[in-house]
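Since the structure comes first, as structure tokens, the remarks are kept for the end.
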């Protein structure tokens, strides 16, 4: 992957949105560029945009601050959600949302720079092939279109509200607005809630070609999912993101407040400055030495912006030149090599034959972001370096010049293995270095209690699973498809170890657990786990089977860090009667075969007997008396 230099962008964002009984609306730039899986030569990144000029449907830049009483804020629930995919391989992280009744599952890109959540609609005439089936409003009993009114832009028939999003890299999304129940998964304390979202009818550019289904908008705007939940008093006005480290992927997202670590570093964020989440960055230190820069260099355009939809970091030209020079000075003994793409000039170094990430801090310097308050946020090499995709043991700078644009844009690489809290209620952003794969345990963040019944098996609501655990069945086999955030080549020699660990966690015999069908999915792995009863003639009770699957859906199975994070993709419960029927059929066939064989043999004996009992007259001999043919 490689980066083109960035010129000043005068793109405007056309936003046609529905607002909730407000006398004004907002026009806001949204900044995402998602890499197409088919185009690996392009480096996924985000271009900052200029705002459209105010018009009759826009309001001032000032965004009303939502405040809750602290007592109310403390008592509100939060939603803990897993993150999937990999920042550098996929260009984004996703989380899972379920929309409708029955719920339909979607993999949505986590983007703090977007203010609307959208998924492809079943009647979309120009939508790409994504990870999950399109949303089918007609199959949801709780779906309602947002009807045309004076506060929104309407379709041509003046029946339904519509939206449109246009991005700087020339991708776009447009469709209709709908309202339905949105569910946040089994780890959420938050029950399913009604929310407005976009149902896409047209996708273009990278939005069309990406594997993820759509976007979950966490930005500052009335259609933002965070704003909707806050406005209803369901969560406190904050959320947190924690991206996994190099070669690990995954992570966590928390909607709502929780008890922050006492040593978390906070800095001010001015919502009136821009519609993006900004921080008051004033300087950078490399190896303890502050770069010789005027602090105002980080205050251009939108200031220093954090955006979870951006992959790398982009500094104003002067800041980048100073940063690159300081890093190269500290690693001058290293051999400098070409980047992974010859079309772009990357700053890359050959470290050693070893590819151990833990050794990077001994080779590359520590970097600190300095805030106006005087506090600093320490970065490790994985927060500004990325692994060379073609040369083993080589690494490249993940920080680039931003061309004529004077915005400092800090993407996901900068916050790997860092919990970032967007405390919107107090206009602050906090940073805390941690292992994001163990965030829940380290902070003791409680999720929802294990569900009494399992979620639907599969994302297509029209498909009824025969393995519905609400049915009282005797389970003869449990099939679990697991996705792990480690690559398959790493996992393959450790299959036996993983199988034993899983059986130990489930408290079953190792012979009851088997792993198979290991396949690669980018930097992650898919594997089939089969759990059977201790004896062929026995079965799992309905409750036992439900408990086993729930332990995976609720991430109660603890694995060592070397296996990364896991996610239950699918499951199937095989009723024991299926196994029993097969045995009965086999036995029946065997019995029938024996009966047929015996019958045939008996018929042959009878025929033989008849042949030997026919009177025989020898030539020239007298007839032998009959009694002489009988036994004595």
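Placed from the backbone N, Cα and C atoms, the Cβ positions cover glycine too.
From a predicted model like this one, the values you see are computed outputs, not experimental measurements.
From the options 54-74, 75-95, 96-116, the stretch TrEMBL describes as region 'Disordered' is 54-74. Of the listed segments 390-416, 417-443, 444-470, 471-497, TrEMBL assigns region 'Disordered' to 444-470.
Within the set 583-607, 608-632, the record from TrEMBL flags 583-607 under the feature transmembrane segment. When Cβ atoms from all protein chains are considered, those within 10 Å of residue 307 (active site) total 25, not counting its own.
A sphere of 10 angstroms centred on the C-beta of residue 111 (active site) encloses 25 other C-beta atoms. Note: the CA-CA distance between residue 111 (active site) and residue 307 (active site) rounds to 7 Å. A mean pLDDT of 93 is what the model gives for the domain 'Peptidase A1' (93-432).
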